[in-house]
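Worksheet: the structure to be examined is printed underneath.
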């Protein structure tokens, strides 16, 4: 009689293991399961995110015809994806500073407060970083006036 019960119990055990290790098993109710290798939220405090942000803003300033530097007012969203390096996806609000492009240090530049010089932009950047090679590439950049 043990023989007829063995097959259903084995199938039940396999099903239980499959459900326990599926990607949906660790997700919270109401949230879609996170895919392995898919984009995930990242903190702006992470060193890699900070470097990617600085790089993207630097590239934005190089490509801009504006005589003033811009810098991040706010990071609206930061995500990262582990691939053969790291893809960073940053949604950033940029503001025009009082520093011209001839000034090297933009960290202490205040934002313009005069209405005719004040300018904001909302940008989405995708940065590909390979930290062990020390390389970063701006893969995608879209900006619009805010």
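FYI, residue positions are counted from 1 along the chain as it appears here.
Note that Cβ sites are derived from N, Cα and C of the backbone, with glycine treated the same way.
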Phosphoserine per Swiss-Prot (candidates: 43, 139): 43
Per Swiss-Prot, the range holding motif 'Secondary area of contact', considering 76-80, 81-85, 86-90, 91-95: 81-85
Nearest-integer angstrom distance between the alpha carbons (Cα) of residue 143 (disulfide bond) and residue 43 (phosphoserine): 22
Residue 123 (disulfide bond) versus residue 109 (disulfide bond) - Cα distance in angstrom: 20
